[in-house]
Amino acid sequence: MSLEIVILAAGQGTRMRSALPKVLHPVAGNSMLGHVIHSARQLDPQRIHVVIGHGADAVRERLDADDLNFVLQDKQLGTGHAVAQAVPFITADTVLILYGDVPLIEVETLQRLLKQVGPEQLGLLTVELDDPTGYGRIVRDADGKVVAIVEQKDADEATRAITEGNTGILAVPGKRLGDWTGRLSNNNAQGEYYLTDVIAMAVSDGLIVATEQPHDAMEVQGANDRKQLAELERHYQLRAGRRLMAQGVTLRDPARFDVRGEVIVGRDVLIDINVILEGRVVIEDDVIIGPNCVIKDSTLRKGAVIKANSHLDGAVMGEGSDAGPFARLRPGTVLEARAHVGNFVELKNAHLGQGAKAGHLTYLGDAVIGARTNIGAGTITCNYDGVNKHKTIMGEDVFIGSNNSLVAPVDISSGATTAAGSTITQDVAPAQLAVGRARQKNIDGWKRPEKIKKD
């Protein structure tokens, strides 16, 4: 059975008080609409139609992709009118309708809903709520069959007492959708074309309305203001934390941990408080991450340790390597097994060989550093001449003295040593000692300057 998906994303979101279209507001580092599209793709539809209106150009620019068909709704005349804009493009047997501001919907929930659809049956996702204020109410007959959905503003007192609410998410036979949207009327309190009226039409046409419910009501929670957006964020993070813990991760405090992307984890991983994982992060077995760390698009091999207040972006830490506290590993950085990066060390596009060490107050950029090499405190690679970047190469078992400036391009061969305080501008051969500093001069009888008296 073929499937197409329609995502409604045309709303203005005035209560957000923002120039940004509502569906582009972020949850866990991705726009709300981005989350919905991600879930939709996992259902393997033949096409995804995104109905856009307010901020249409911004939405299209942010999320444009080959599998998305953006459909413009010039005037926002209701959900039924929005779906009708996509109908001319639909050819599939089944159409699933989703909402661009409902980012937490689970794929498993949608899969259950889709199983309810057939030529003579549609699937409707409903939710039981203690307080259904704002939701359309699911009206059932004496046999428990769904007969209609009544919107809050059109409901009488008895209907408002119903606690089963409409989520708006439904799956319908594709061949019938055009007929139903064509018959919609705006004769209601809002003066809009309600998609919910399709339910009564389906019942009138003799179709069965089968319902499913999410395991968690937050799956179908939308965000109309910043408070609701924050609630979605926190729920997403707690859910992400539970998933990681189920895979063998210890979180010191799941309430102080954020995932903003994709995380692949091994077992016996320990993550302390206030850690943020962004982009695609791979964490192998026995990794330890200290508090207040930000890790983006990085890979941490087995047994790697990141100490407090460190920042990784586009880095790879080898097996048993460690970094921090207060280390910064920028894009292109690779630490081989057992390499050590200490406090206040910054690396960019740098490769540290096995067992290499940079313990303190160091900048290494565009550098290749051999195994077991030791970088003294206060060392920097001078890799930029104002126009081009140049490479510093150090062989194995090199000893770099403290407070060195290594002016690239420069090659320090295996076994070489540089003296403390040196500025190294020339290549150093194997086993050589390089001294690149002024000779010390001691002056006898030196008299310190006296303080000038002010008038």
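From the backbone N, Cα and C atoms, a Cβ is placed for every residue, glycine too.
Together with Ala377, Asn383, Tyr384, Ser402, Arg437, the acetyl-CoA site in Swiss-Prot holds one more listed residue from Ala356, Ala358, Ala416, Ala420, which is Ala420. Only residues 6 or more beyond the boundaries of the region 'Linker' (227-247), in the same chain, are considered here, and those with a CB under 8 A from a CB of the stretch are 16, 25, 27-28, 32, 103-104, 218, 221, 254-255, 257-259, 263, 265, 267, 269, 271. In the three-state DSSP scheme, Asp101 (Mg(2+) binding site) falls into the coil class. Between the CA atoms of Ser402 (acetyl-CoA binding site) and Gly78 (UDP-N-acetyl-alpha-D-glucosamine binding site) there is a gap of 69 Å. Here the Cβ of Asn383 (acetyl-CoA binding site) has 23 other Cβ atoms within 10 Å, regardless of which shown protein chain they belong to. Counting only same-chain residues at least 6 apart in sequence, those with a Cβ under 8 Å from the Cβ of Arg437 (acetyl-CoA binding site) are Ala419, Gly421, Ser422, Thr423. Taking a C-beta cut-off of under 8 angstroms and a sequence separation of 6 or more, Ala420 (acetyl-CoA binding site) has the following same-chain neighbours: Gly376, Gly401, Ser402, Asn403, Asn404. Overall, the recorded acetyl-CoA-binding residues Ala377, Asn383, Tyr384, Ser402, Ala420, Arg437 cover a maximum inter-Cα distance of 22 Å.
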